[in-house]
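This report concerns only the one structure given below.
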Amino acid sequence: MSGEAPKQEQSQPKSDADYEAMRTTVMQKKSIESISNDDLPYFVNYMTKYKMYCLDKEDYIGAKDAAAILEACKQEDQTRQTNTQKEQQNESTQNSLNEKKQKLEEKLKKFDEDTNSKQQAMQERQTKEIEEFEKKWREEMPDKYRRMPKQLIELRETARTLALAGHYDEAQQRKVEADNLEQEEAKNAQNRLNHDYRVAKNKLLTQHKLEVTKFNDSRAEKRDVIAAEIHVLEDNEKNREIVLRAKPANTRRSVNGGNESGSVSMSRSLPRKSQWKQENKLPPLRPPNESTKPGDNKNDAKSPQNNQQQQKKEQPQQQQKKEPAQQPSLAAVVKDKVDDIPAAEEKKQE
C-alpha cells in the first residue's frame, strides 16, 4: 500500500443555467455569501464570460452589473482567504494551548501518582514502626523494669542468714519486710513502665504526624504550582475567546448593480470567447422605393395631427434619453406602436 495521502476530489463545474441562477440570486440579495467556496472560481469564470457577452450585445448596464459582481467576488475571495488564515492561526494557537495544557495535566497526573505512592509507602513504614514499637514494649521492655532494688536484695539475704543461724522468727520478720518492699517496688516499676510506654508512644506518633504534615505541605505546594500553570493557560484561553468574540466580522462588499435580474437573459450557453465585431453601420433603413400607405410614416409632415402626436410621443422618449443609465423597455415600445394605430385609422377616414 502506498503511504501517500489520498488527494481531495476537485469539484466539477455546473451548467451555465446553474450559474445564471446564482447570478440572479446574487443580484437579488446584493451579496456573494451564498456562493460556496467550490463554486466561486467557476462562478467568476462564468461572470467574466457573461460580462464579455454583455459588451458584445452593447448591454453596458449588464456589463456594469457583471463588473460589480466580479469585484464583489474578488473581495469575497480575499475575505474568505483572510478568514481561513485567521482560523488556521487560531487553530494553531488553540492546538498549542491544548498541547501545553495536556502536558501539564499529564505532569500533574504523574505527580499525583508518585506522591500517592510515596504517601502509601510512608503509611506502610509508619504502621510497621508502630507494630515493632508495640512488640518491643510488650516483649523486651517489661524485663528491663524488673530489676530488684539493693535494699530488697539485702533484706532477702539477711532473712536467709538468720534462718541458717537458727533465728527463724527474726528471719520470718525480715522476709515479711522483704515481701512488702517487693510489692511496693513492683507497683512502682509497673507505673514507670506504663508511663515510659505512653511517653515513648506519644513521641513516635508525634514524629509520624509531623512527617505526614511535612509531606502533605510539600506535596500541596508543588501541586499548586502545576495547577496554577494550568489555570493560567485556561485563563488565557478564556481571554482569547473573549477577544475573538469581540472582534468585528470582516465587512463584505455588497453588489451594487442595476436590475435585480440583470438586463440580459440567456437561453443558451455563453460563448467561450468574445464574438463581437464592430460593423460601423446604422440600424436597418426602409428602402426609398417601398410603397407606403398614408399614415404609416410616423414622421409624415403633411398631417398636423400626426405631428402633434409625434411631438407628444417624442417628449417622454427625449426624457428617457437624458438618463443614460436606463433603456426603453419592451412595454414602452409596444405602447408607442399601439398609439400609432388610431392616427392611422383617422387618416384613412379622411
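Just so you know, glycine gets a Cβ as well, placed from its N, Cα and C.
Remember, TrEMBL labels are computer predictions, not curated facts.
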Correct range for region 'Disordered' (source TrEMBL, candidates 1-22, 177-198): 1-22
For the region 'Disordered' (110-129), distant same-chain residues with Cβ under 8 A (at least six beyond the ends): 204, 208, 211-212, 215, 219, 222-223, 226
Residues in the compositional bias 'Polar residues' (80-96) grouped by DSSP into helix, strand and remaining coil: 17 helix, 0 strand, 0 coil
